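TrEMBL annotations:
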ACT_SITE  18  active site
ACT_SITE  148  active site
BINDING   106, 107, 108, 109, 110, 111, 112, 113, 114, 115, 116  ATP binding site
DOMAIN    78-155  domain 'GHMP kinase N-terminal'
DOMAIN    215-289  domain 'GHMP kinase C-terminal'
Ligand code: C5P
């Protein structure tokens, strides 16, 4: 009689993409980063990372599935790879793990899909390796990996300051419906910030959360119309300057009755807030019909942060 080998232990973790409901950017600082005040909301488009035990000394490997999997690097430049490496180094163990990423967030679209992979990997490897770090410790490691990674751990709705990595949870009532238009050709985040510097220079006013009072009130009230009117993105002029065709995508959403439409984060994704799921589907259908997007996505927000499934 032959015995089947027991499957290797594995841990599966889901982490959300995000939309910046407001993104206020101050003048660039000496370290090259910009001080931010941003209101993040996690969306129901999510990444799933499965971390599977491998033999000692086998190292890290990354495999990817999903509609845009061919656009994701499989080497040490992948943020999930770097997350596993950083956690192993932090606790002083050898980084041996097979990581499988199932991508549900548009790639290179300003929706933090790579950051969600990193957050999910931290949680998955922490569980697989039994390293037992607190959420606070994981969040500190997350901030080393990228400005948006701590929010992918936390999820729901939060105000981000500093580089966007210092988070305070915020109240949000009800469910909001979104349509997203993505482009195959991504926009480089550093390039968008550089264009922001060229357009606004040192004259960019300091950022102030007071400017988001109407937005925070709209979230607390669960009022989609008020939220749509309060959406704000200081990076939008820079993204539009680099990709003028996004103007038409915004205009189509507004003509379709979107409660608000803006470039998402550093772009090139365009986000439209809809009245209902049906309305989000209608906006997405118009984008497709008018050839104003390479892919369209409909989802809801807020959603939970990184968690073991
Ligand atoms: O921190 P992260 O790796 O996500 O940032 C990517 C790039 O975006 C940075 O190298 C920087 O050029 C720009 N950035 C910035 N100010 C921030 C966050 C990001 O200038 N607050």
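Backbone N, Cα and C atoms are what each Cβ position is placed from, and that goes for glycine too.
Cα of residue 110 (ATP binding site) to Cα of residue 148 (active site): a span of 10 Å. Measuring Cα to Cα from residue 18 (active site), the binding-site residues that fall within 10 Å are 116, out of 108, 114, 116.
Close to the recorded ATP site, the chain also has 17, 105: residues not among 106, 107, 108, 109, 110, 111, 112, 113, 114, 115, 116 whose Cβ is within 8 Å of the site's Cβ mean position.
There are 30 other CB atoms within 10 A of the CB of residue 112 (ATP binding site), with all protein chains counted. Around the Cβ of residue 148 (active site), the same chain contributes 18, 40, 112, 115, 164, 165, each under 8 angstroms and 6 or more positions distant in sequence.
Residue 116 (ATP binding site) falls within a helix when secondary structure is assigned with DSSP.
Sorting the binding-site residues 108, 116 by the number of other Cβ atoms within 10 Å puts 116 first.
Within its own chain, residue 114 (ATP binding site) has 78, 79, 80, 107, 108, 146 as residues 6 or more apart in sequence whose C-beta sits under 8 angstroms from its own.
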